[in-house]
């Protein structure tokens, strides 16, 4: 078959139009470059390459070796890491590989609770991490909604974990990695940082680099780093062999060389002045967005943001669940996601909050002015859900999208 199946093609066209016509505020999403798109869909998808560069279990790997080697060196340079592995298929698999490399089943681990901003793979009971290891949790201060380091230290001293996990999927403030290191050293624990959300900010100098303090750092490559979908592990040189063995053959077989090429392209892009300008704009936009949301009567978790994301409490201020808020906003062309907030009493599929981010629309060209306008639209939609108001707001969203087009050259 030399053409795309018509049923798939119809959905593909629909998705292109959706991306073009919606304001994308999901904090974990971004728009990749044309080069990343090309590499992800390139002939590299045909190549099997179990193993690592120059140590493969298949022949014909000289060119994929070249690409992967470039990526390893770039990642080490950008993040000041002793070792880098680009093969994890996802952030979750990167986390799994690290756990398998450093822990035995049943070992104690301390991490951030899900409602405070942690991730499923940080010990949530229904996840493999919660099943295989003995996780204990820290959270945030009830007043400031920022990480409660007194609680972190208390939990760590009480349970004497082998590993401490810092990092989150919904935390809007700078994380003090130095404090985590100091607490880890009190009990001789290893420190892992999951920087999936902030990797691009770290690469561009808009957030402190966790490699300065962590033994190992995991990340996705498709959020603020703006690369092909996948994962990556950075570590101190002395544990590099353990990490590599845990990825292959421990948890994966053949790597996705097309996706690795897309990751490497993104790393090349991240190592430029233009990318540094981009991530600083992401943070500037986020701060302006947060202020405008607050000015329009929205309650911000942790009273603001230092990175690309903002968590909003919609249930306790507007009497709208996160689930309903997500639907209301999507009906006018704004895409966000329902999200738990600290001490949330709602179920994870309902939630009291929503999470929004600035990475994707900053890629599209939005500056502070546009995010102030979006904040007003969001507040208006959640406060007045009348058909007349939502229709008016939908037109405003469409106008903004038209002013900042994306992927105009693509046609399917």
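Quick reminder: no glycine exception, Cβ is built from N, Cα and C everywhere.
Remember, it's a predicted structure, so these values are computed and weren't measured experimentally.
As written in Swiss-Prot, here are the features:
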| type | residues | note |
| --- | --- | --- |
| BINDING | 114, 118, 119, 120 | (6S)-5,6,7,8-tetrahydrofolate binding site |
| MOD_RES | 223 | N6-(pyridoxal phosphate)lysine |
| SITE | 222 | site 'Plays an important role in substrate specificity' |
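Positions of Swiss-Prot features highlighted on the structure.
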residue: 114; record: (6S)-5,6,7,8-tetrahydrofolate binding site; DSSP class: coil
residue: 119; record: (6S)-5,6,7,8-tetrahydrofolate binding site; DSSP class: coil
residue: 222; record: site 'Plays an important role in substrate specificity'; DSSP class: coil
Densest Cβ neighbourhood among 114, 120 (binding-site residues), 10 Å radius: 114
Under 8 Å by Cβ from the residue listed as 'N6-(pyridoxal phosphate)lysine', counting only residues of that chain that are 6 or more apart: 27, 28, 29, 30, 196, 197, 199, 200, 359
Euclidean distance between Cα atoms of residue 222 (site 'Plays an important role in substrate specificity') and residue 120 ((6S)-5,6,7,8-tetrahydrofolate binding site), Å: 18
C-alpha spacing of residue 222 (site 'Plays an important role in substrate specificity') relative to residue 118 ((6S)-5,6,7,8-tetrahydrofolate binding site), in angstrom: 18
Residue 222 (site 'Plays an important role in substrate specificity') versus residue 119 ((6S)-5,6,7,8-tetrahydrofolate binding site) - Cα distance in angstrom: 16
Sparsest Cβ surroundings (other CB atoms within 10 Å) among the recorded positions 119, 222: 119
Around the Cβ of residue 118 ((6S)-5,6,7,8-tetrahydrofolate binding site), the count of other Cβ atoms that are within 10 Å: 26
Residue 114 ((6S)-5,6,7,8-tetrahydrofolate binding site) to residue 222 (site 'Plays an important role in substrate specificity') - Cα separation in whole Å: 21
